[in-house]
Amino acid sequence: MGSDPPSSNIEIKIHPRRQDNVVHPAVPSPMGVPAASAPPRQQQHLFSEFRPFKRWFPWMVPTFVVANIAMFLITMFINNCPKNSVSCVADFLGRFSFQPLKENPLLGPSSSTLEKMGALEVSKVVHRHQVWRLISCIWLHAGVFHVLANMLSLVFIGIRLEQEFGFVRIGLLYVVSGFGGSMLSSLFIQSSISVGASGALFGLLGGMLSELITNWTIYANKFAALLTLILIIIVNLAVGILPHVDNFAHIGGFVSGFLLGFVFLIRPQFGWVSQRNASPGHIASSVKPKHKMYQYVLWVMSLILLTVGFTVGMVMLLRGVNGNDHCSWCHYLSCVPTSKWSCKSQQVYCESTTIGNQLNLTCLSNGRSNIYLLPDDSTSQVQQLCSQLCN
C-alpha cells in the first residue's frame, strides 16, 4: 500500500547552551573587581541576553501540511468510489467515500487512482522516463490514517527545525530527502506502487541527528539528547520491517537527510559565538575560529557522498537495475517474514469476458470464477473483483 509513516510523534526538545537562542557570555569584571561586588544595574548590563541565531517564523511546514491534505482530498474526489467500485466505505460521503477495506484498509482511494495521480511506479519511471514520480509520490497518501500520522509527525518534527534554520534549508532538506527515499525504494521494490511522505520525514530525523553531531559544542545534555534521538530512529526503522511498509524509502530518506544535515545545518562553534557577543571591554586570549575543522571535514565528505550517491542511484534506476539482484539479503531490510505474515507480494491475474453488462471473471491462480452484473465495468472495479476472487 506504499510507505507507512514513522510512528514517532514526539518532539525532541534539545536544550542548547544558547537556551532558546540566548547566549550568556562570561564577562570579566572591570578593574579586577569581583563580579559579586558590582552594582546591580551594572550586573544587569554586563549579563544582558544575546540572541546570536535568528529565530524564524514557521510558515512552510504548515503550508506543506495543508498541501498534503489538499492533495488527499483531490485524490478522493477523482477516485469517486461510488461510480468506479461495486461497494464503498462511508457511502454518505458521496464521491469522497473510501474503497472497501479489503482493498485499502487505510481508508483511502484505489491503487489505480493513486497511480493516475503520480504514485511511484518503477516501470513508468524506467520505461517512460517519468522521473517526476520520484517527487510527486511524497505528496500523496494511501488513506486517512496514513496522511494523519504523517502530518502529525511533520508538525512535531518540522516546525521546530524551521524555527531554528528557516524555510529554505528545511524545505530543501525535506524535498531532497523524499527524493532520496523514492530513489532507493525504486531500486529495491519494483512490484508495487508507493506513496507517502515517510522518506522525507525520516530525512528530517536524519538531519536532526547530524545537526546535533556537527554542532556538538553548542548543546548541553548532548549525550542524553543523542541517545533519545537514536532510540526514536531505531524504533521507527524497526516498524519498517512489517509487511506493506516501504522501509527502503525510510532508509533512503534518513541517509539523505543525515548527510544533508552536515551541509545545510552547520552552525558556528560556541567559543566563536561567546567572543562575538562579549562586552566591548573584554579582550580574548585567543581568537576562536567560526567553525571547527571536523565541521569542514564532515561538510566536504557529506557533499561528495551525496553527489556520488544520487548520481549512481539515478543511473542505475534509469537503466532498470534491480538492487535485489546484487544484494541477496537486502529485502530483509524492508520486511522480515514470520509465522504471522508473509513478505511476498503476490500479484493476481484474472481472465475476463464481457457480454453486455455481464462480466465473467476467472482467477488464474486458483481457478475460481464468478459472474458479475456491472453497469460500468471500469478498470478499478475489475481489479477489485479480481483481487477478491483470488484471495
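Backbone N, Cα and C define each Cβ position, glycine as well.
Heads up, TrEMBL stuff is auto-annotated, nobody curated it.
Per TrEMBL, these features apply:
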- 129-265: domain 'Peptidase S54 rhomboid' (DOMAIN)
- 56-78: transmembrane segment (TRANSMEM)
- 138-159: transmembrane segment (TRANSMEM)
- 195-216: transmembrane segment (TRANSMEM)
- 223-242: transmembrane segment (TRANSMEM)
- 248-266: transmembrane segment (TRANSMEM)
- 296-318: transmembrane segment (TRANSMEM)
Report summary line: Within the same chain, the residues 6 or more beyond the ends of the transmembrane segment (248-266) and with Cβ under 8 Å of it are 3, 6, 165, 169, 172-173, 176-185, 187-189, 194, 196, 198-211, 213-215, 233, 236-237, 240, 291, 295, 298-299, 301-303, 305-306, 309, 333-334
Query raised in the report: In the predicted model, what is the mean pLDDT computed over the domain 'Peptidase S54 rhomboid' (129-265)?
Result: 90
Report task. Mind checking which residues of the chain, 6+ beyond the ends of the transmembrane segment (56-78), have their Cβ under 8 Å from one of its Cβ atoms? Result -> 95-96, 98, 108-109, 113-114, 116-117, 139-141, 144, 147, 150-151, 154-155, 158-159, 162-167, 170-171, 174, 197
Query raised in the report: Who are the long-range neighbours of the transmembrane segment (195-216) in its own chain, taking Cβ under 8 Å and residues 6 or more past its ends?
Result: 2-6, 8, 12, 14, 68, 114, 119-120, 137-142, 146, 150, 153-154, 157-158, 161, 170, 173-178, 180-182, 185, 222, 225-226, 229-230, 232-233, 236, 246, 249-262, 264-267, 294-295, 298-299, 302
Query raised in the report: Going by DSSP, how much of the domain 'Peptidase S54 rhomboid' (129-265) is helix, how much is strand and how much is coil, in residues?
Result: 107 helix, 2 strand, 28 coil
Report task. Please indicate, using numbers and ranges, the residues of the same chain that are 6 or more beyond the transmembrane segment (296-318) and have a C-beta under 8 Å from a C-beta there. Result -> 122, 125-126, 129, 131, 180, 183-184, 186-187, 210, 213-214, 255-256, 259-260, 262-263, 266
